[in-house]
Every structure is written in structure tokens, then in C-alpha cells.
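S.K.: Features from TrEMBL:
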REPEAT    168-202  repeat 'PPR'
REPEAT    269-303  repeat 'PPR'
REPEAT    339-369  repeat 'PPR'
REPEAT    370-404  repeat 'PPR'
REPEAT    471-505  repeat 'PPR'
REPEAT    571-605  repeat 'PPR'
REPEAT    606-636  repeat 'PPR'
DOMAIN    786-878  domain 'DYW'
Amino acid sequence: MLILAKSLPNPFSVTPNHDDYKKEFARTSTGSSFHLKSSPRTHLLSPNSGCSFAVVRASASVAKPTSHGVMDYNARICHFCEVGNLKNAMELLCRSPKSELELKTYCSVLELCAESKSVQEGKRVHSVICGNGVPVDENLGAKLVFMYVNCGDLREGRRVFDKIPSDRVFLWNLMINEYAKVRNFKESVSLFKKMQQVGVQANSHTLSCILKCFAALRNVKEGERVHACLCKMGFGSYNTVMNSLMAFYFKSGRVENAQKVFDELSDRDVISWNSMISGYAANGLGEKGVETFIEMLCLGLKTDLATTVNVLVACADIGTCLLGKAVHGYAIKACFDREIRFLNTLLDMYSKCGDLAAAVQVFEKMGKKSVVSWTSMMAGHVRKGLSDEAIKIFYEMQTNGISPDIFTVTSILHACACCGSLENGKVVHNYIRENDMESNLFVCNALMDMYAKCGSMEDAHLVFSGMPVKDIVSWNTMIGGYSQNCLPNDALKLFSEMQQNSKPDSITVACILPACASLAALDRGREIHGYILRNGYFQDQIVANALVDMYAKSGLLALAQILFDMIPTKDLISWTVMIAGYGMHGFGTEAIAAFNEMRDAGIEPDEVSFISILHACSHSGLLDEGWRFFNIMRNECNIEPGLEHYACIVDLLSRTGNLSKAYKFIRIMPIKPDATIWGALLCGCRIYHDVKLAEKVAEHVFELEPENTGYYVLLANIYAEAEKWEEVKKLRERMGRKGLKKNPGCSWIEIKGKVNIFVSADGSHPLANQIESLLKRLRAKMQEEGFFPNLKYALINADDMEKEVALCGHSEKLAMAFGMLSLPPGKTIRVTKNLRVCGDCHETAKFISKTSRREIMLRDSNRFHHFKDGHCSCRGFW
């Protein structure tokens, strides 16, 4: 019989990785050549049959069996499989008598199901096999396993695999490799160990795959055992195995081991060299990667597309744009410049090296742009601080019919986070919902980060609570978000919850320490300090800086100084934290000394460093020094002052009584003053009781921030201190018409790890009666010694008795009294207040520190007040 048909591809050569499986399955087939009876009819195969057109002189119809018996059913089914007609093959298989079907027939149909990736038909064949009572031996079982695996049903393939005895390595390799593909590396390793237990000898493909698994699991010890094993088995000269071994060592961070393997490899192929270049780049050794590439060229070795891609990655790693351009030229000569993989890497290299214009040029000249191309362009613009442009590219990409993938959405969410674009971030979130990406861990983490940086912690929490699986990044993102958005209690609560589910790492403690600092939660901060020491996290610069900051903001400046001195290599943040700490505590001279020492160490200050030193000068009344640093910033460091720097100078002038100079300074500023700058002058007007200037300044503030109640209250205080009660009444009515309410003052004190909160005139505390009694005794003792209450701080129009009662109910006094009752004699009382401390409470604290001979650390919204022996560290500059 003559069959005129174009040869079909082997059913098992479905991916480049299955060459060996193809050979094995061909070897295990029960037969592959068929003899069909001639027929006077010819049949033209449909193009829908899955193969090229062919003229076949054989019956292609499904007919009832003829007198030819068994050979007719099996031959016809196998013929349909040969020409790719799965539909007819299945129909005839299901209609054939079970007693007349041969093993090779079932194998042929399974092969076609595997090639067609038709798992449903494959399951039907499996069902027919079971229904016909055909024993599933090793050969048929292997066909079933491969069919299920190739059709994407790894679970069913594993079920069949576990039921059949097999000592053939290719089938074990298939399963190990498939689990690795779905990143279930632990199961791959488990199969590898089971394979060894049953005595199946591993080959080069087994070892190559399992080394990749150990690399992904970061299991260095097991990988080294495989290294020793392969050497004993004689695979030391196999390039595929040794290349995998190099990749394993590079991914495990063992660069020297990888180099040694490479040096001992006698017959290196291009993959060996490529592995070295990419491995160096992945380990932050781009220079060595470039050197390896140059060595290749000097030896006259042939390079391929992967070589140029890897060396471009190395160039991006070291930021060598000039060398990257040279590689670009080399690639053009080698005709790689038409390959999209090369072009994507090229534009990524240009953007990472800071040449965004060149990246844009490459992008615009690309004929076909993939999702990777668009994503790289977005990332390049974000890297340059052009987040708005990145968002435009995102929308343009969709307009061009390219669907964003997971990497795209995480990149664009980062862009939204950088520019604070909550609106665009929510648009991206909608896209994620519509395309079922919400289950992806990386996407959820990026979403939470975007919401946190845009100030929407409620949305971040919704994402977090809906995540089926959370990793350490998820917890850190939420804890850091709460800390950064002034929600320290939520951060501490989540940190406690995290400890029950996951072990905090160095990033976690760096995120939670600012929350402790914000609340001045010293006991909790000390607990975290212990955790840091037990886990060796103090060596992490970020953690060390956060710990110093926590102690400085919690009132233990001396301990902050000790820890600061212990940091081996201090960066700009370390110095800035310490300078700010000195400033908060009123040690302006020490802050200046630290600033000068920082510059002597070769570390140049930035905008934030100058804000810290200017604050320190302001809080210590160092007018001349403040002006000097302001001029150094502009003239020596070429830093253009921002609003915060100008606010520091206005604050400095106001605190030192130079109100008119401060007003003139504001009027001649090169940038428009904001409410903070006018507010600093308004505070000065209160200190020096300048009602007339205060009224003028207040109008500027009310115009800029009409909803900020703090400034209305500040002006009301100025009127009340001047006993202009009618003006106070008018101002309160104005606030009432606007629907504004004064933020309630509250203070808190931490006793034995528990935070006790007090609000003004609050009698709900369990020790309220004892607190009130203690304050009355203190007040009486103060009057006996000539200290009389400063009634102007009562801020109400009433008789002296009512004013005195009002003063006794201030929250900071309640907290200090509670501290005296609860803490042992001599123990420092540490109180934090959400607003600025009032003058009468300030005097009371001085008196308590003198008479009780105990120190009081009071942190208000502006600075620290360290009371000792009747004196305060602020020296009146508060």
C-alpha cells in the first residue's frame, strides 16, 4: 500500500527539554509501522485534523469491522494517530471490541493526546483502558504519565506514576523536572531521594535538574553532596552537569566555588562562559562578568545571543554605559540587534545606567514591542523619578493592545507609590481584580505598599486581610505603613500578631522601632532591643540607626549616644539621627559638634541634615549659629533652601524675640510661605505677647489652612493671656460657624509595659481620686513656697478658683501625678503629650523635680523637656 503523507513530528518532541524522553518513549513503543489494506477509495484529510494535507490510499472512515478482524481496528486507529486525527481515532477506539485492541493502539492514542495537549481525551483513553481491564504495565503506565504531565495535569500523572513500578531513569527525570517547572522544588527533591532509595541510577539530566532545585531552595549542604556524588559517578566532564553546578554555586552565593568548577572544566562550551558572566552579574560582580566576556573575545571563542544579553546585564550592574554602548555595537555586527530579547535587555541597561534618552531611542526603534519592553520603559522612568511619565506609558501600552502581566502591574504600582497617585493606583487595582491577579503574593505586596505610601492604610489593610498566604514582606509592608502613617498603635498591635505567625527579621524591627519612638514606648523598645541583640541585627546599619532614633525620642539620649558610638561605620542617616536627638533635648552645642564631626569625617550633609541642625539651633536659642548653618547650606553645599529650612529660621528668630525681623524675613522669601512658616511666627507672638502682630499673622494662616483648628486655638490662647475675653468669644464663634472643634489634649505614660492615657479633666481613671488629692497637696505646697499658679494658662474667663481647678486637670499633670503614685522613689517619670505643654504645667514639673528629687522627661509635640532639680533643659526656648 502506498501512503503519500508528510511526516509528522514525534508526539514526544513537544518541548526542547523532552528530547531524551522522546528517545526513550520511541524505544519503549510496542510498534510504530503499520500495514493497511488497500482500498479503491481515497480520502483528502481535513486541515482541521492537526496535520498537513495528505492523500492517503486507505480508508479513513470509521466503519464496522470487516473479515480482516483484529488488524483492521488496530491499524485504522494507529493510522488516525499517525495523521493526527484524534477525533476519529477516539471514536473508533471507543467502538472497538476490547478483546481486539492491542497495547500499541492504546499507546498511539495516548501519544497523540499528549501531543495535542488534550487532557479530556487522554482521560477518556485512560477510562477505556480501565474499563477494558487492560493491565497498566510499565510501558503503558509511562505513556499515561507523560500524557497527563504534558497536558498539565501533574497530580493525575503522579497518581499513575506512584502505581507503576519503574526502574527507568527517564520517567523519574520527567517527574522531577515537572515539579521543578511548577516551582515545587521540595517535591522534586523528595522524588530524587526516593529514586535513590529504590536503586534507580541517576544520569546527567537528573543531576542537572536536582542542582537547580537545591539552588532554588538555597540548600547548599545538599548541593555540595550532589557535587561529591557526581564526581564519584564520573560526570565531572559533562558540560551540562558542570554548568548546572556552576549555576547552583552562583545562586547560593558561593562565587569562589563556581569559579573553581569553571577552572577545572577542560572542555568549556559557550553555555559555560555564559554561566560565568551571568553568575558574576547576579552576585554584584559585574566587573568580573565583563572581564570574562573580554577573555572570551581574546580567545577567539564564538559568542551567542545569550552572551551579549548576559554581558549587558553585567554592564547594567556596574553602571558602565560606555561599555554597554560598545556591546551594543558588537551586537549590531553580530546581527543580534533584531532579537527582541536583546533589545529588551539593551533598553534596560541604558535606563539603569542613567541614559534614559538612549533607552527611549531603542524602544521607539523596536519593530515589535513585548510586554517586557513596555515594563522596562516604565521602570526606567520611575528610576529617574518620572513616575507620572511611567503611568502614561502604562495607559499607552494598553492602548496598543499589550496586556500587562504581573511584573508590569508591580512596576506601575511602584510608580503610583513614588508619586503618591492614589487615583491611578486604584485604577491598577481594578485591573488586577478583573484579571484575577489578586492571589499573586508579589502583586498583593506591591498593592499594600502603594496604598501605604499614598496614605490609605484602610485599603492596605483590606488587601492584607484578604491574602490567603502572607510572607515576611507582607507583614513588614503593613507594619512599616502603619509606622509611616502615624498609626503607631496599629503597628505595635500587628507586630504582636506577626510574632504568632512568622519570625520578624531585621527589616521588621527597623519598621517597628519608629512606632515605639513615636509613642515613646520605652519598655517595648527595650524588648525589641533585646531581640535585636539575640539575633545579631545590630550589624544592620538601618536597624542600628532606628534603634538610636528610638532611644533618643524615648528620652534616653545617653543610651542613644552609647549605641551611636558603637556603630562601626556611620552613614549620613546615623549622624542626622544623632544631631536631631541632641536638638530635641535642647543640646544645641552638642548637635553642632556632631555636625562638624560628621563633615570632618568626609560625610556631606543633605537637606534633612540641615533641617536637623537648624532645629537644634532653634530649640537652644543659638541665633548666630543658626544663620551660619543656613548660609553654609546655600553657599558651600549649594543646597537651595526649602520651606522647612525657612520655617526653622523663622522659628529661630521668633523664639529669640526677633519678631519684626522674622516678619520681614517672611515677606522677602523667594518662595511663597506656607502655614507652617506663619505658624512659627504666631507661636513667637504668643511667647512675647505681641497681640497686634499675632492678629496680622493669623489672617495669613487662616487663609492658607482654614480648617486647621490648632491655629485658631493658638490665637485664642494669645487673646486669653492678654485677657481679651471678647476676642476669645468671637474667635470661638467663628470656629463654631466653620464646624471646627479643638483637638483634645492627651498625655500618656508607660508603666510596666502598659500605656496609661489621660485627657484633660478626665476622672475615669481608677486612681482618679488619689491623683486629684496628690495634685492638691502639690499645689498647696507650691503656694507655701511662693509658687503661685499662672492663671493665664487656664484660658477661660472665670474667677481664680475656677481657673485653678481647670489648671489642675491638664492631662500632663494627671500623667505626672500617676507616675509619682505608680513608680518607685527616684525612678524617672516619662510622659508624652500630643500637644505643646502649657506654661503652668511646665512650672509644676520643675517644682516636682525639685521637691521629689526625681527626674521628669516630658516630650510634647515640639521637643523634650528634661526636668531636674527645679530646672528644665529647654532654658525657656520652647
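A Cβ is built for glycine as well, from the same backbone N, Cα and C atoms used for every other residue.
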S.K.: On the 0 to 100 pLDDT scale, where does the repeat 'PPR' (606-636) sit on average?
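M.R.: Residues in the repeat 'PPR' (606-636) carry a mean pLDDT of 95 in this prediction.
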S.K.: With DSSP, how much of the repeat 'PPR' (471-505) is helix, how much strand and how much coil, in residues?
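M.R.: Final tally across the stretch: 27 helix, 0 strand, 8 coil.
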S.K.: Helix, strand, coil: count each for the residues of the repeat 'PPR' (168-202), based on DSSP.
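M.R.: Helix/strand/coil tally for the repeat 'PPR' (168-202): 26 helix, 0 strand, 9 coil.
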S.K.: State the residues, same chain only, that lie 6 or more residues beyond the ends of the repeat 'PPR' (471-505) and have a CB under 8 A from a CB inside it; answer 'none' if no residue qualifies.
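M.R.: Cβ under 8 Å, 6 or more out: 441, 444-445, 448-449, 451-453, 455, 457, 460-461, 464, 511-512, 514-516, 518-519, 521, 524, 531, 537.
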S.K.: Using Cβ atoms and a strict cutoff of less than 8 Å, what residues sit near the repeat 'PPR' (606-636) while being 6 or more residues removed from its termini?
M.R.: 572, 575-576, 579-580, 582-584, 586-589, 591-592, 595, 598, 642, 644-645, 648-649, 651-653, 655-656, 658, 863, 874-878
S.K.: Summarise the repeat 'PPR' (370-404) as counts of helix, strand and coil residues per DSSP.
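M.R.: Helix/strand/coil tally for the repeat 'PPR' (370-404): 26 helix, 0 strand, 9 coil.
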S.K.: Go ahead and report the DSSP secondary structure tallies for the repeat 'PPR' (606-636): helix first, then strand, then coil.
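M.R.: Breakdown, helix to coil: 27 helix, 0 strand, 4 coil.
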S.K.: Who are the long-range neighbours of the repeat 'PPR' (269-303) in its own chain, taking Cβ under 8 Å and residues 6 or more past its ends?
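M.R.: Distant contacts of the repeat 'PPR' (269-303): 239, 242-243, 246-247, 249-251, 253, 255, 258-259, 262, 310-311, 313-318, 320, 323, 327, 334.
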S.K.: Report the DSSP secondary-structure composition of the repeat 'PPR' (339-369) as helix, strand and coil residue counts.
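M.R.: Split by secondary structure, the repeat 'PPR' (339-369) comes out as 23 helix, 0 strand, 8 coil.
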S.K.: From the DSSP assignment alone, can you count helix, strand and coil residues within the repeat 'PPR' (269-303)?
M.R.: 26 helix, 0 strand, 9 coil
